[in-house]
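Taken straight from TrEMBL:
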| type | residues | note |
| --- | --- | --- |
| BINDING | A:Glu69, A:Asp87, A:Ile89, A:Asp210 | Mg(2+) 1 binding site |
| BINDING | A:Asp90 | Mg(2+) 2 binding site |
There are 2 protein chains.
Amino acid sequence: MTMDKQMHQRAIDWLNQAADLLRATLDSPLQVKQKQNAHDLVTEMDCRIEDYLIQQIRHYYPNHQILSEEGQGDVFLNTEGYLWIIDPIDGTLNYVKEKNHFAILLGIYYNGNPIAGYIVDVMNEQLYYGIVGDGVYLNHQPLLPIQIASLETSLIHGNVHLFIHNRYQAREILNHSLGMRHYGAAGLDMISVIRGEAALYLSPRLQPWDFAAGLAIFTAMNYKMTTPTGQPLDLLKQQAVLACHPAVHSQVLDIIQSTDSEANYNDN
Amino acid sequence: MTMDKQMHQRAIDWLNQAADLLRATLDSPLQVKQKQNAHDLVTEMDCRIEDYLIQQIRHYYPNHQILSEEGQGDVFLNTEGYLWIIDPIDGTLNYVKEKNHFAILLGIYYNGNPIAGYIVDVMNEQLYYGIVGDGVYLNHQPLLPIQIASLETSLIHGNVHLFIHNRYQAREILNHSLGMRHYGAAGLDMISVIRGEAALYLSPRLQPWDFAAGLAIFTAMNYKMTTPTGQPLDLLKQQAVLACHPAVHSQVLDIIQSTDSEANYNDN
């Protein structure tokens, strides 16, 4: 199944509308609620963007399934047919605290296979998308990534707790690299790999809406996004994710699997 | 001593010229040399920008002293009179590897006191400056920082190795905060504090050219930039730096000084 041009154009129009709304309301007072803890926030804008996107999809594609972060999508059963996976605001903590460095994420899948992925870096007004079988674009121009030659000559991205607790041999990966950067929004940390600014992004725990857009773009680029043990990602569950340039993927898997303890490479 | 308007205008003109040159040559092949190690790079563009800025300063202000990263400034003796402190490319590793997230830094001091500081976020085309006794500006508009209420409701910035080795009780500071971000260029990590996106930036080792621009801007804002034990910074030496919103400075000093071991709060 390849991406339908009209569906692509609609997706872009909706994402642009949503990004405009987020920028226009940026200085308005915001209702912020905690979900699981103080780091896990939801605002009325997450819900409003989600609601807008879901209404559009339901209007034009009533038979498609929708999986979305704030729960207004389908109570999800399977990956058959078309599936839209949405994160209305990726990096809600950055959105609330920085008013910067957040994204809108959309992945479109058919029978469990990615066909298109979209990441809007809202404050930089940059739209990245990848169409499987076609290529990857930044603001509608073909994206030419910086070359990645090896882990030793590259930067890496990940959350600081990975390195403090040395999960997935993160310190060993770091020691092989030139250094660590972290933006705190999965979509934006993945963009660093997509642009070739970094060789990899490692996360101990991503939800489907955190990685679905990136996985589709990575697939369009023949880049690697797997679990830290190299297994395919499951679209229906939370899991650890290694998003990686192909030049370093097997080396990083080897480092992760060189650990002495099972606990360190448990994907869940 | 307050900042001279003509000197301010010249500084801005030179920095804009330098930023234009960096953007225009971004895709040219680059000669990269290692300094102390693979993380410490210099390119011909560091030297070219430094040379350009120093030539301008020497032409208009032949009696002023200049301290600059790549060594074309004065063999520096004291802080008497005017002192220009330059980092031609802050975040050279990002410049080389990301072609993104680097800055030009300039601090102007008189008898050791900051009078003006400039940070150019080159790829975002954002010029931040602070004039002591006047205020802080982004692209010539007064900057209105996001409010910081407490460490517990804020993000923090620092290098991952601080947290791995728990230097300056970095993990304890992190545990009090909402999370860590890191861009890998001192000037850009300081901008996060200047904008109110983060409450603090902590570094175990900055050179005068890494912190002089930020220190002047912080001074103009009545923000705090000290050693991690709260001492004033020495303009002539490498040292550990705590760049901090005033609402959290004393709390962070208390956390750092609560350590059991002297080694953890040695500033050098």
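A Cβ is built for glycine as well, from the same backbone N, Cα and C atoms used for every other residue.
All features noted in TrEMBL, drawn onto the structure.
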residue  : record                : CB count, 10 Å
A:Glu69  : Mg(2+) 1 binding site : 23
A:Asp87  : Mg(2+) 1 binding site : 31
A:Ile89  : Mg(2+) 1 binding site : 29
A:Asp90  : Mg(2+) 2 binding site : 30
A:Asp210 : Mg(2+) 1 binding site : 23
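Shown in sequence order, A:Asp46, A:Ile86, A:Pro88, A:Asp90, A:Thr92, A:Leu105, A:Gln207, A:Trp209 are the same-chain residues outside A:Glu69, A:Asp87, A:Ile89, A:Asp210 whose Cβ sits within 8 Å of the Cβ centre of the Mg(2+) 1 site.
For the pair formed by A:Asp210 (Mg(2+) 1 binding site) and A:Asp90 (Mg(2+) 2 binding site), distance between Cα atoms is given as 7 Å, rounded to the nearest Å. DSSP classifies A:Ile89 (Mg(2+) 1 binding site) as strand under the three-state reduction.
Here the CA atom of A:Glu69 (Mg(2+) 1 binding site) lies 9 Å from the CA atom of the residue listed as 'Mg(2+) 2 binding site'.
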